[in-house]
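Accompanying notes for the structure given below.
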């Protein structure tokens, strides 16, 4: 039965939860397909995550391999294919707890970087899992800066082979998933040398383990890099190569080729290749970033409606902690952010689909803008959502600290997203470089891409709000965000120019302004997110209360951003001190409004209990009973050898000299 | 492994420092003699083969618990053998043995024994204290329940007195009343001090403490009527058997209620305690430890991140030149140096609270409690303020180490998961901030009604003066000199005053609109927390600034002054809105502040490694491959990884079980 404290929350929903779920899924039909996939996966005991929190690294890894193998069978059984509508829901249904994710990257890099001949040779056996691939780019000493990679591939004309080497310890490949224990092959990125001349980084297919007995190939040293904060199920690996020889044909050669005589030939445009890298940053947002945040919100908000602590009114029952303003102020902005980023993700996906079509028609005009957007939004969304999950975790007090709450593993997993696929600070600086360039262009009247045309527009110098309800007008707050973005970008551009004019070298000037540049890039992304949220709300159907509640969330997201960064808006007097008090008042009022729909708003994310895997966040709200039952399953509750070995002598005073 | 020399980058960093790190270490320890003694105890532990063991990162939870209990047993024995009895020295010893981690006897040593000393009658001490001292009895302190943490009065466990048998009958009447979280309860303890609602003669007399045996002496099996166990895996605290305890009509003799203060007579008559203010003192003490812990944990994370950033090279700053140390990037300095300054600030705050506690504990024993309310309010807020900042700071340090920070070999994940519960335990931080706010609002009300207030809130007195002679915003701003710490203290003071006033006024406005006081308080609580934060921030800046004048060595004072300025200015740049809105600083001054922060980063840069060396963490204690003193990071990461459990066999078992059959089938 459902805990009455949670049941009552659902009775008063101001909107149709089912309609909102369909909106999030992109249509009722999508919801139906997703639910069918989830049902098929969750009803199969092989995919169970029931004991996940009690398992060791070795056990987690083995389970992930087992699931990956079983998944092949399942897909065949269900008639799911990689191009079918079900495919994108499988990973979500598994909560990512499956091996061979890098195998997919291995295959994609061959498809993108390989010649037709190479694709024909490698893709069929890879599809059949006759070999398992990984993708070895990052080294112990190099991550962000690809040109700095130290692995070498020297062409030997005599044997028509490349000789691969790890010349020093910092050149060891480090981190690639599936490489520590599973992979038989990997794409290695190495500096290509022909006749003693370096031609830069190129990809090579290298076999690392025997296809017969899985032992390491001669010259190969590989293993697992040891325990991490999460991803215990993945065997992130290291790889050292000593005079490993591979045939000339193993260099992926769609764009660059080494001819038998050692001639180096570059062919075609790599732009489409860069574009592929760029899209990865966007494609990870949904599964790796938004899903964990939505789960964390679901757990924390349901728990806050069940947990009662202290009294709000004397003589009454203890209050739900969700009724405390401070608790609302922790959780509801995170909920609003989950929706805001869901909509910006939709926007980015559509933009990238369009970009893809243009690029296929050899029109590369959109590339710089898409690159800047993907870098900036990857950084801003991963950073924001990671912080948000941690807030959810800490808002659950002591019980949030238990692994059984599900929150620690959501947190440790999402926070890796701030680092992989481009370290966030570096990415923001790439966006900033684009913004500065566009600002310069706009100020001299040159055309700029659509997302930055606002840099050229002339806008009022003061915020026109007269009363606190004015701040519930999307035009008012969107313009305030725009103003801040323009101010930060233009002042940083001016500063850069000043420095250069005063004789500072360009690169020094850049480094001296990087803190400001990062702030400018963030402000730009924040503005676009707010603007997109407001525009999305505008277009929603008014039926079933959806538009109204989304409008509240949009307002909350926007005002929370101002409330937590007041200085940026007050700085040049755009928002006055009195107006800022109106913002605060409006913002705090909204908390109480959204509070009423908080539980339905997380119900709409439509996570099953199995997928949440949380003693605190289940749909029925039977928190304490579940916590107690799950704890009893802990291996620590089997008799520990510690008693006989240490406790008994201690208690019986047989330890010498005690 | 062959002895390796020091990494060249770190050697260069250390040679370039403008001050002697040992001198700063002495200041942090409280004098050269304390440093010497600390290192002596450290050597005692670290050179002892009994305290060596495999890297804990490679052990399962059960194995980690087992190691911890082994070391704890030896620790108790050796402490007595060496005659170490000073609380601070015991703390050092314990911290070196367990490398800054919790251990299963923490609650026995830190709560069970002290509670016996303070709340047991002489007769009870005879019965329990020596057996507990000799570890025949191992106890814990069972207060928190599954459904109740913060709000003590809501605890549901009952102890009903039965005059017929002269026993208390203990019960856990609901699932939510199960005791949950107490350390050492799950597997280690055979006794617990249980907090329960006392019922006698049909009336509830509120919470009282009872000594409850939970496991059979000899067999260690749970006693009939007792259900006890481990609450399962957590984010951290793997060494600790946090436990649950459920009692079903479990009877204990009347003499097992701790009766130094309140009593139940044989016939069931209840005798009230005299005063409960005394418990304030203990809370102040425990919170001072958490503030110190915030400083230490953040210092460890900074040590790792800054040393690693001096060793790691990446990308290009100048075209054509070798890859620079990542510590040379402004964005990296901007992440790390303010945290370094924060770690120093919190060290001084922690020392201040501890000294103040010791100074007035004589007064407390003599019954003079006049200073206690303020100290209690202040430490509540500072506990929250410092633990929040340290919690976030540790994560920033980890992020600043990129991918390698995510590996457990960096040591930072462990620091984080061990530290983060301090935002919750001993008073949930938001609740703590609201306690401080209550005191601030009370002081503000006093000032408004014409009374003077003293101590850290005395700046509120100025508010009434301002009301008499309203100053123009511009008139107040010109006084702030951004290069002068004392002037910045004034700016923080003005910010605190403004936010306290705003919160108090909003509270009053709510009160005018609503009937319920509690409702009004709740609707103002976000403002109130902000006011408390501003107050605590002011106190930290003030204490850091005050410390500068105590430093005699000019070179050390210079570098601490840079850090103090950075701490104060960075705090302004992160909260510009408060200073702008109140008219304390102009936009032009804010721009100067931002600029000056960046200049200070460059000033501190040459001393960064020496400043973390001064924290003087031994490599074993630091537990980080990235933060090693010698900087030989990459070689040792490889050595470390080879020991991973997944590397135990060359071909993993799952190959034969799953991979091979699949390849055969397809």
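Using the three backbone atoms N, Cα and C, a Cβ is placed for every residue, glycine included.
TrEMBL: automatically predicted annotations, no manual curation.
Feature annotations, reproduced from TrEMBL:
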type     : residues     : note
ACT_SITE : B:426        : active site, proton acceptor
BINDING  : B:144, B:183 : FAD binding site
DOMAIN   : B:21-138     : domain 'Acyl-coenzyme A oxidase N-terminal'
DOMAIN   : B:141-249    : domain 'Acyl-CoA oxidase/dehydrogenase middle'
DOMAIN   : B:280-441    : domain 'Acyl-CoA oxidase C-alpha1'
DOMAIN   : B:485-662    : domain 'Acyl-CoA oxidase C-terminal'
Task: Among B:144, B:183, B:426, which are recorded positions, the residue with the most C-beta atoms within 10 angstroms of its C-beta - done: B:183
- [ ] May I ask for the distance between residue B:426 (active site, proton acceptor) and residue B:183 (FAD binding site), taken between their Cα atoms and rounded to an integer number of Å?
- [x] 13
Task: recorded positions, contacting chain A; criterion Cβ under 8 Å; candidates B:144, B:183, B:426 - done: B:144
Open item on the list: Can you give me the average pLDDT across the domain 'Acyl-coenzyme A oxidase N-terminal' (B:21-138), rounded to a whole number?
Closed with: 93
Open item on the list: Per DSSP, what is the helix/strand/coil residue tally across the domain 'Acyl-CoA oxidase/dehydrogenase middle' (B:141-249)?
Closed with: 6 helix, 50 strand, 53 coil
